[in-house]
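Scroll down for the structure; my scribbles are underneath it.
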Amino acid sequence: MKKERHPLAIDVEGVSFAYNQRNVLEGIHLKIPQGSFLGIVGPNGSGKSTLIKSILGLLKPNEGTVKLFGEEINKFDSWSRIGFVSQKANSFNSGFPATVFEVVSMGLFGKIGLFRFMTKKYKQKVYEAVKQVGMEEYLSENIGQLSGGQQQRVFIARALVSDPDLLILDEPTVGVDAKSVRNFYTMLKKLNNEKGITLVLVTHDIGAMSEYVTEVACLNKCLHFHGNKETFENKKEEMMSAMYGHDVNLLEHNHEHDHHHHDHDHDDVWRDKQ
Amino acid sequence: MEILEQLTFLERGVIAGIIIGFLSPLIGAFLLVRRMTIISEGLSHITLTGITAGIFMSQSAFWLGPVNPLYTGLLFSLAGSLLVEKLRQIYKDFQELAIPIILSTGIGMSAILISLVQSSYTEWYSYLFGSIVTVTLSDLFFIVITGIVTVVILAGFYKELLSISFDQEFAVTSGISVKKINFLFSLLIALVITMSIKVVGILLVGAMVTLPVAASIQFAKSFRQVIFFGILFGEISVIGGIVTSYYLNIATGGMIVVCGVTILVVSIVVQRIIVRLRKTV
Ligand SMILES: Nc1ncnc2c1ncn2[C@@H]1O[C@H](COP(=O)(O)OP(=O)(O)OP(=O)(O)O)[C@@H](O)[C@H]1O
Ligand SMILES: [Mg+2]
């Protein structure tokens, strides 16, 4: 199909959004080519989740348009090409009687279609996705009885199970332990390299993120920066102080080291934990 | 249809009961996880308004011919169900408010209509507390048809309903239309409430939707188990209730509820014992 060949996975044009007349996003232009791995950073309340929700059509922008794979968002219907892990994914009703298997299956429901049920082929897909996040031992456990990080992994599996072409993750590793975060990023990188899946990752973990992504976007109401990782690395301090202000911990950390030094430091920390 | 005609009234009651015992817990499981079980109370009373309106119409508008009041009941129930959904959107942060609004509206309008129609006390009594003796052929026909519609809708949209109930945002991003599914769910609730009225009674329909799943959630690990045990408990309550009420000549709805409550209490106690035993081992 010609749609598949569309060069842009996401095309955000002049999007503005306001909650009760308070502007949260202003004039965002963001083009994300297929095959890129974009990291979105920005302080709390900077509108990252709002932008993600606008991209997914969960919120209607006051101005501007969003296209997914070249298709206007309100006409878009190839939802099985999209995988999403929400920031609030594990704020579900913890008494909900569903097993890990049932939750991950939900990632396939849009694809399977009405009046059809889970066949062997689909069940196999669920097993694979659950295995990919290392939760295969918990398949028939109740989702509410898992730890926060384990739940988060299940939600990642739910997003992966439909073999999406575009995976959007809003702080997916909150509550996931350091070693697993590392494994998770490695897995994302692999999906990106081997299958060419487009990835959008919102995170506060700038150090770890910048080792894996190909592009970075800095958001604080407006899009302050969007470019490849190398440019970001060069402008990092400038960007960070513009967005976060000077008295933020993250920056103090940065002031003490030069970049390379800092990155190596970081590497060692990860190695220790592995 | 012809098979239905040959049934004795007891057989009619039992068949109606089996259908209700199957479908009420099924809908109840979804209501449970959406924290909406209370909706059955509101809707049953608006259904009463519809039933009284149906009786009123048959009495005052002869040209319409005899209308089974269950059909008008269903219409009101559906309107009420959609209204609840609307009110829940309007009062996003106080969603439970929808129920007392619908409930009092239903009772108020029923009271007015009841005072206008000529009906015997026993007729109202059977609507309020349920009675298999009054399940007519036309009632059974209504229950079978609405039952089939319910099963078809559920079979088609089970996955979508489950996904929306668990995580609405994710459901949307997997291509499920929340509006459409929520409308169908409102329709399902209205169907199940209305079909249960004759057997279980307006004041007691909430019980069939709630008690079996309240018992099954005690030990169910998966959603499928909630449904499976819910249906099992639902059928035991309904059949147990119908048979005992018939032989003891007492209100069917009452006996069904007593059976349901017994199962609930037993499962709570058994669950407690299991937890104790696990701790000591
Ligand atoms: N439902 C809502 N109603 C009103 N205002 C909201 C709502 N959700 C978010 N906001 C406001 O919009 C702004 C942006 O929120 P958003 O969740 O997009 O930030 P974020 O960058 O994702 O933050 P975080 O890093 O904490 O996740 C915040 O100031 C917040 O107060
Ligand atoms: Mg956020």
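Heads up, the Cβ atoms here are built off N, Cα and C, so glycines get one too.
Nobody curates TrEMBL annotations by hand; they come from automatic prediction.
Residues 7, 39-40, 132, 135, 139-140, 143-144, 147, 150-151, 154, 161-162, 165-166, 185, 188-189, 192, 195-196, 198-200, 205, 208-210, 212-214, 216-217, 223, 226-227, 230-231, 233-239, 241-242, 256 of the same chain lie 6 or more positions beyond the ends of the transmembrane segment (B:14-33) yet place their CB under 8 Å from a CB of it. Here TrEMBL flags B:14-33 (among others) as transmembrane segment.
Below 8 angstroms of C-beta separation, residues 39, 42-43, 46-51, 53-54, 57, 98-99, 102, 106, 139, 142, 146, 182-183, 186-187, 189-191, 193-195, 197-198 of the same chain, each at least six residues beyond the ends of the transmembrane segment (B:70-85), sit close to that stretch. Taken from TrEMBL, the feature transmembrane segment applies to B:70-85 (among others).
The transmembrane segment annotation in TrEMBL covers B:97-121 (among others). Same-chain residues lying 6+ beyond the ends of the transmembrane segment (B:97-121) with a Cβ under 8 Å from its Cβ atoms: 38-39, 41-49, 52-53, 55-56, 59, 76, 80, 83-84, 87-88, 91.
Annotation comment: TrEMBL describes B:127-158 (among others) as transmembrane segment. Remote same-chain residues near the transmembrane segment (B:127-158) are listed as 1, 4-5, 7, 9-10, 12-17, 19-20, 23, 26-27, 48, 51, 68, 70-71, 74, 181, 184, 187-188, 191-192, 194-195, 197-204, 242, 245-246, 251-254, 256 (criterion: CB distance under 8 Å, separation of at least six residues from the stretch ends).
As annotated by TrEMBL, transmembrane segment applies to B:226-248 (among others).
Per TrEMBL, the feature transmembrane segment maps to B:254-275 (among others).
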Distant-in-sequence neighbours of the transmembrane segment (B:254-275), which means Cβ under 8 A and at least six residues beyond its ends:
17, 129-130, 199-200, 204, 207-208, 211-212, 214-216, 218-219, 233-234, 236-238, 240-242, 244-245, 248
